[in-house]
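> First, the structure itself, so that you have it in front of you.
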Amino acid sequence: MVLMNKRLKIILTNDDGITAKGMSCLVSALLEANIGDIYIAAPQAEQSGKSMAISLNQVVCASPYAYPQPVKEAWAVGGSPTDCVRLGLRTLFESVSPDLVISGINCGNNICKNAWYSGTIGAAKQALVDGIPSMALSQDNHISFFQQDKAPEILKALVIYLLSQPFPCLTGLNINFPTSPGGSSWEGMRLVPPGDEFFYEEPQYLGSVNKNQYYVGKISGVRIGEHPSEELACMLENHISVSPIFSQNSPIGLMTLEEFQKTQENFNASLLSSELTTKIF
């Protein structure tokens, strides 16, 4: 495994808002891992489901924020998660020369096709657009299931892995932590391709006033084929799922199945056998 030879400059963002518990959990884990200096540019209010939406022809206010944990600098942004990353990389922290963007920790999973809607993942994709490696972190079900004691070493190992450039182009990682049954520990990590399942939502009718109809979106089920995808199966089997977020579009894909399987083998050989993770799983 490639080891870091410098202290990183890390920008954090999310889609649950700067005051969210998931952000606090992430900051705590990174402070304990002690791998870099932390800068925050996060929405001042919840921005879930914004994907890569940006505020065009709209004024976006960024306000200094006194974050309650010891970070280098923090800003609350009146915009989307993607707005936060654009401002962070191009304006607020431009002089810092950031090495990494981490988005999360989202309250609820972002796996399979639902990842397309995620503001958490949208922020990570924006970092890739700007040429910066990124990670999107999500906790299945609720942030209260996040295993804080194991997080520092897991995040450190994943950051080292990501910065070793294991893919043929600039790549992010979509990382989802399972809800462990009965409070048991996570059993391991797997590198998996993104799944095809779709957690669909149905517009719920709330009523009408003066001919105006009001609806709210609610997740009402999941479409699963005959066999669960590797990504979904990974979560169901109490393993942390790690799937790539590629920075390039291609009509034929960036990797063959055989090439991806080789990358999976290297993930197991390098990351899961490292001193950082053998004492966890």
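Think of each number as a place in line: the chain as shown, counted from 1.
In case you wondered, yes, glycine gets a Cβ from its N, Cα and C as well.
Annotations for this protein, taken from Swiss-Prot, read as follows:
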- D15, D16, S48, N106: divalent metal cation binding site (BINDING)
> Suppose we draw a 10 Å sphere around the Cβ of N106 (divalent metal cation binding site). How many other Cβ atoms does it contain, all chains included?
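Taking every protein chain into account, the count is 26.
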> When you tally the Cβ atoms that lie within 10 Å of each candidate's Cβ, which of the binding-site residues (D15, D16) has the highest tally?
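The residue with the densest Cβ neighbourhood is D15.
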> Return one of helix, strand or coil for N106 (divalent metal cation binding site), based on DSSP.
strand
